[in-house]
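A.B. asks: One structure follows; several queries about it will come next.
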Amino acid sequence: MSGYSSDRDRGRDRGFGAPRFGGSRAGPLSGKKFGNPGEKLVKKKWNLDELPKFEKNFYQEHPDLARRTAQEVETYRRSKEITVRGHNCPKPVLNFYEANFPANVMDVIARQNFTEPTAIQAQGWPVALSGLDMVGVAQTGSGKTLSYLLPAIVHINHQPFLERGDGPICLVLAPTRELAQQVQQVAAEYCRACRLKSTCIYGGAPKGPQIRDLERGVEICIATPGRLIDFLECGKTNLRRTTYLVLDEADRMLDMGFEPQIRKIVDQIRPDRQTLMWSATWPKEVRQLAEDFLKDYIHINIGALELSANHNILQIVDVCHDVEKDEKLIRLMEEIMSEKENKTIVFVETKRRCDELTRKMRRDGWPAMGIHGDKSQQERDWVLNEFKHGKAPILIATDVASRGLDVEDVKFVINYDYPNSSEDYIHRIGRTARSTKTGTAYTFFTPNNIKQVSDLISVLREANQAINPKLLQLVEDRGSGRSRGRGGMKDDRRDRYSAGKRGGFNTFRDRENYDRGYSSLLKRDFGAKTQNGVYSAANYTNGSFGSNFVSAGIQTSFRTGNPTGTYQNGYDSTQQYGSNVPNMHNGMNQQAYAYPATAAAPMIGYPMPTGYSQ
């Protein structure tokens, strides 16, 4: 097939001459850990006339694409909910061969059994291959990574070979270590096929191997802002050769406070570069960043122009009090874990809550592990590996894992604590229903979250989801000022919470109160509510989950044609977990968790690697 040829195909030798374009060979790493990151970096004063010229437009429109009429293009864009803004935007490619990627790239695509480009790939590839700046706004799991990596490979193949002292040609900035590593995993397979080198640099890991990769020369560098600035300041790499810049999850990087570091980094890159910015949302802060960094860019939006969730996700909201969450979570897990393939992520608000909930669930026999920002990189990698391979199918996480965590077969997301914004809510639930799969998201929504209720209802309505009548009641109560008074759902037990906690396993369901029979009290209360119709199949007006949620279990059909229709209870499982779980071992060399058909003897402690808190 036709592809992109370049002088790289002629096998030029990679010499070891003097550093080009101002490459640095500075001394050892600085030991300074505090202060203003990037304060040693001086903003470059670029003279484009003195810089080597480079190519960035390599797009060859396929004959099949050229014959496609404007009406056919518009029909395709409407069917895929593609909205384009900007001048001279190329037509979308409907098939992989229309992108004219090199044969070795097409071979990898064939091995991965992809059938057709996703919407963002179909429209993004022609734009990126044309050398244009672009902004891509699409939901999580939509194929954004390949949208910029494959054009990056074509771009690199048309540039001169790296020489000693040269920095990367393609720089991908990512907000978290996990996302950077996942991008590197995707890049590695394509780079091997194309005889290119890539590396991933991030904090929390030894600097030595990362420095050696940079010194040997890499065409693609995937980096978190902090570690990259560290290496730039001490001269271990430079960005003089960088002509293809990617800002992945730009909204998340701004949320995490990386804007000053991003600006310091971009100041080190020549201004005539090609820049691609990717985001799941389009707030004003991201718009401002695009105006500052991009020139005459094409804006591609997939899905609704406003804040929207993946329509393949069934969203179920339970309006409750904080002290009710633990019992509700256990009942949910009893139903979910009746199928061993049901990987589940439970999102919590704080690191402390993450540790507490993980310890309690493990003591009760659940195969759960926790991940948050205070974990070491080695421990985070180990936990994610256990989760991905099904050895610990329950992951309890803070928002550190809500973006960029790419595990294909996550079936359920549970928002134990509602996040601070609807954007974070959308990113959290986006961990399920990756690509074209479906998934389910449960959310515990309390009166403490009332400021978010209107935004949540908007997200649910946009996705054609059933809306819990209690959410609508909260809106009315908020408007009348009753949400904290007698007329609303005031939590009259807030004074019992310890400092920094709102419910959780360290309030009513701590070990002492649990042994005294509080669990039985809650179960009796739940049974009474069921008999009185609160959780009944016939009437959801005062209930918890689902719309027309057929009582054959969570995996059954859910019809959202009537957003205010009858709710039916999906908790028909009578299997009891808690301490009645068979012996289970976990570890790198142990077999996966065996899911019993019947209850068995109490389990022994769930073994962890050295240094992991029980």
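Cβ atoms are placed via backbone N, Cα and C, with glycine included.
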A.B. asks: Would you mind telling me which one of LYS80, LYS451, LYS501 Swiss-Prot calls SUMO2 cross-link?
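C.D. replies: Annotation hit in Swiss-Prot: LYS451.
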A.B. asks: From the list LYS32, LYS207, LYS360, pick out the residue that Swiss-Prot labels SUMO2 cross-link.
C.D. replies: LYS32
A.B. asks: Which residue among LYS44, LYS197, LYS328, LYS343 does Swiss-Prot mark as SUMO2 cross-link?
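C.D. replies: The SUMO2 cross-link feature in Swiss-Prot corresponds to LYS343.
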A.B. asks: Which one of LYS33, LYS144, LYS529 shows up in Swiss-Prot with the note N6-acetyllysine?
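C.D. replies: Cross-referencing LYS33, LYS144, LYS529 with Swiss-Prot, N6-acetyllysine lands on LYS33.
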A.B. asks: Swiss-Prot tags one of LYS264, LYS351, LYS388 as SUMO2 cross-link; which one?
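C.D. replies: Going through LYS264, LYS351, LYS388 one by one, Swiss-Prot annotates LYS388 as SUMO2 cross-link.
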A.B. asks: Please give the sequence-distant neighbours of the motif 'DEAD box' (248-251): residues at least 6 beyond its ends with Cβ less than 8 Å from one of its Cβ atoms.
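C.D. replies: For the motif 'DEAD box' (248-251), the nonlocal Cβ contacts are 144-145, 148, 172-175, 179, 183, 277-283, 285-286, 289-290, 403-404, 423.
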A.B. asks: Roughly where does the motif 'Q motif' (94-122) sit in mean pLDDT, to the nearest integer?
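C.D. replies: Across the residues of the motif 'Q motif' (94-122) the model's pLDDT averages 94 on the 0 to 100 scale.
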A.B. asks: List the residues of the same chain that sit at least 6 positions away from LYS53 (SUMO cross-link) in sequence and have their Cβ under 8 Å from its Cβ, in sequence order, or write 'none'.
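C.D. replies: For LYS53 (SUMO cross-link), no residue qualifies.
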A.B. asks: Tell me which of the recorded positions PHE114, TYR297 sits in the most Cβ-dense spot, judged by other Cβ atoms within 10 Å.
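C.D. replies: Of the recorded positions PHE114, TYR297, the most buried by Cβ count within 10 Å is TYR297.
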A.B. asks: If we count other C-beta atoms within 10 Å, could you say which of the binding-site residues GLU116, ALA138, THR140, SER142, LYS144 has the fewest?
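C.D. replies: Looking at the binding-site residues GLU116, ALA138, THR140, SER142, LYS144, the Cβ with the fewest others within 10 Å is that of GLU116.
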A.B. asks: DSSP helix, strand and coil counts for the motif 'Q motif' (94-122)?
C.D. replies: 17 helix, 0 strand, 12 coil
A.B. asks: With ATP as the bound species and PHE114, THR115, GLU116, GLN121, ALA138, GLN139, THR140, GLY141, SER142, GLY143, LYS144, THR145 as its recorded binding residues, calculate the greatest Cα-Cα distance and give it in Å as a whole number.
C.D. replies: 20
